[in-house]
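Annotated features, as they stand in TrEMBL:
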| type | residues | note |
| --- | --- | --- |
| SIGNAL | 1-20 | signal peptide |
| DOMAIN | 48-136 | domain 'PPIase FKBP-type' |
| DOMAIN | 160-248 | domain 'PPIase FKBP-type' |
| DOMAIN | 272-360 | domain 'PPIase FKBP-type' |
| DOMAIN | 383-471 | domain 'PPIase FKBP-type' |
| DOMAIN | 482-517 | domain 'EF-hand' |
| DOMAIN | 527-562 | domain 'EF-hand' |
């Protein structure tokens, strides 16, 4: 019984030993061990496909007999067309790109009883460690997969369009061979006229600006049997991850989209107008490059005269003050093939979102709109002293100032240069109670410089004016006039102390007394004392501080006297 047990133990040990160290067994068919399977498998090898793969060929004991890695080149071949040993033709079917298999092939499906030269003995079982890199078929076309499309797509790429795009170019296994991103410069080219490899000429058609797509090309539509001689091997499928940034056609003109119009538009811009406008400038993909808002200052220029790029010259014609419009300008009407060298790349389409603040023409005069009271007989003229209220704005409604804020009128003498020329013109011919709207071009207002912190340069001004009071002025050139005949004893009446001379105090007292009694008038709106001082100075011919009768008479006889003494 004990002896039997020992024999059983020895037999069990022998069986175990044999099981752990089995001798190589002949294979009836191929055997496949999948050593790596990618997460994603878009395509599997089928009979008739062309494949590129790396391999290491070994015998069952691990001894290497061949390797594509040692030759630094993939093995490229059609599957299922007897270009491979039968076992490989069979084994490769079903593999995915980037998949790795250990393939074991029996002699009858390899080199059989003859072997292969000195490397592979007869009846050899062969092991191949295979990494699949590329799969394509002669029937393949360009494959397009769009993974982002913008909500708005007004235009798509057509044959003969010029486009700017970024791309990453990889082989089918993901190996990067080129990228515009690394060069930090778009790829710029015509489409559909042979400037690109055939597959890209096809794959870019129909794209929208902002669209992202993956374009997969078979070698026949890429670099074919020879590759590019450096980064792209022969017979390689290519994958381009593309984002389209810009497109235009050399025949394009500007496009204008009116985004908002004011309720009232009495006039539209024409060639030769001077315009102030705000803008945001961007590329067609939305990349910002400039803004007048960021500088807190309008862009001011003549239009239609070549002061701005041709597309803006066109796009700013026919606008209303207050209008918002979008102007899309092709590069040949903007900065052309060179761009600006900084923020605007060569051959870039530009998009300007524009807000028109105001415009005028150098030939413009004051525009007057009037509402008169029923009784309007006494009208203002040069020399009159007027009192009026006003509200002042820019053409876009921006507040400038108002007399109502201070609760008092603005008082001026017309023709005395106390207000801008346009205001003087706008106040002439008014009657008390009349209301006017005055639109004053900058050359009749504050000109190119404006008023620092208050009125921008080259700004058109709008004044809502109401005339409150009017005091008739003196004839032009006069600061004092008599209301009645002048006394023949004028000098002696002034000479109160009868010392044969008139001093400044005597002169001043006399003139003020005549005004008080209504016998004379001083020019309204001016400092009375300053007027009298000037009158006295005019009579004091020798500037000795007193007026003699000879001086007085001499001055009175001058035809060009500016006071009625």
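Each Cβ is built from the backbone N, Cα and C atoms, and glycine gets one as well.
A mean pLDDT of 86 is what the model gives for the domain 'EF-hand' (482-517).
For the domain 'PPIase FKBP-type' (160-248), residue counts in helix, strand and coil come to 13 helix, 36 strand, 40 coil, using DSSP. The DSSP breakdown of the domain 'PPIase FKBP-type' (272-360), given as helix, strand and coil counts, is 12 helix, 35 strand, 42 coil.
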